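All remarks here apply to the structure that follows.
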Amino acid sequence: MDVSGEVKSARDMGLVACTRCTRVWPAGTRSCARCGQWLHPREPLSLQRVWAWWSLGLIAYVPANLYPMLETRTLVSTQDNTIVGGAVEIAGHGSWGIAAVILTASVLIPIGKFLAVAGLALSVAHGSHVSRTRRQQLYEVVEYIGRWSMIDVFVVAILSALVQLGAVVSISPGPASLFFAVSVIATMLSAQSFDSRLLWDGPDPSPAPRSRLA
């Protein structure tokens, strides 16, 4: 931040930061002497990689919600449950907390990540009325919650390992578990491909003028 209070990026100050060890070097330095990472003022093709992984994640998320996530087989019947259907059934048995966790991790968080990553990428390409600080905070939230998106797959894996009663009852992952895992991994890679330094290029949006009372 300069004396006028304006936030300046490292590039504006003639510096380049290492994305691996965060060491700052003079602009034009080719590689980090500390960790050997190649230095770029901005990661090349960052937005292209973001959209590529984002699209793959969105494509995989559709069958992840259409196909069964859990397949339960007993002596007399076979029951398949989708993500939402399984959560509804769990809630019907009184386990509202578990159902809420599954719905949050499998529906709300993924959809929120899709919207947030797309919004950040579009704000870099076309500008935004949201301040750079707020967008940086949004990016950090997306990075943080991404690790919890696999909880639904973990629940299925645990149930499959615990509930195996031979010929009586067996629980196995459905085809949706593979699509969901692909979707989660793709969205995580999409967020990691985003160069957050792009958020600091260009000025902050001008504050809205205050209305004067007559």
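Using the three backbone atoms N, Cα and C, a Cβ is placed for every residue, glycine included.
If you look up TrEMBL, you'll see 50-70 (among others) marked as transmembrane segment. Same-chain residues lying 6 or more positions outside the transmembrane segment (50-70) and placing a CB less than 8 Å from one of its CB atoms are 80-84, 86, 107, 110, 114, 117-118, 121, 152, 156, 159, 171-177, 179-180, 182-187, 189-191, 193-194.
Same-chain residues lying 6+ beyond the ends of the transmembrane segment (96-124) with a Cβ under 8 Å from its Cβ atoms: 47, 50-51, 54, 57-58, 61, 65, 83-84, 86-88, 90, 130, 135, 138-139, 141-142, 145-146, 148-152, 155, 180, 183-184, 187, 190-191, 194, 198-199, 201. According to TrEMBL, the feature transmembrane segment maps to 96-124 (among others).
If you look up TrEMBL, you'll see 145-165 (among others) marked as transmembrane segment.
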